[in-house]
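A short write-up of the structure that comes next.
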Amino acid sequence: MRLTKNRKILLTELEKGEVLTAQELHRKVSEIDLATVYRNLNLFVEEGLVRELQISKDEVHYEFIRDHHHHAICDDCGKVYHFAVDEQSLQNLLHLQGFDVNSVELKVKGKCS
């Protein structure tokens, strides 16, 4: 993947750590066409730089991949909380029940207090 000017602008914005929809990202970098934002987000996902998060039924959100973590999402406001879990303990627990874990990806839904 070539690091074009537009890709550098998009990645710089995503590296700030916000979880954004394509439209939200486009508003932050309005000099880049929305179709170009979508094309590059798809490329970033394919390249493993960005992950897609299905936060609501209607919209896909995108997040720059820094480390492996999980998400808790508020059903009311859509705020995303990042957290880590002891995945080895979870894998061990499930292994005792006869289940071999390939990967762990948690999305917890609830409401902000």
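Heads up, the Cβ atoms here are built off N, Cα and C, so glycines get one too.
What TrEMBL says about a protein is an automatic prediction, not a curated fact.
Marked as Fe cation binding site by TrEMBL: H68, E87. In this structure, E87 (Fe cation binding site) is part of a helix by DSSP.
Within the same chain, residues at least 6 positions away in sequence whose Cβ sits under 8 Å from that of C112 (Zn(2+) binding site) are C74, D76, C77, K79. Positions annotated as Zn(2+) binding site by TrEMBL: C74, C77, C112.
Of the chain residues outside the Zn(2+) site list C74, C77, C112, D75, D76, G78, K79, K111 have their Cβ within 8 Å of the site's Cβ mean position.
All protein chains shown were included, and the count of other CB atoms within 10 Å of the CB of C74 (Zn(2+) binding site) stands at 15.
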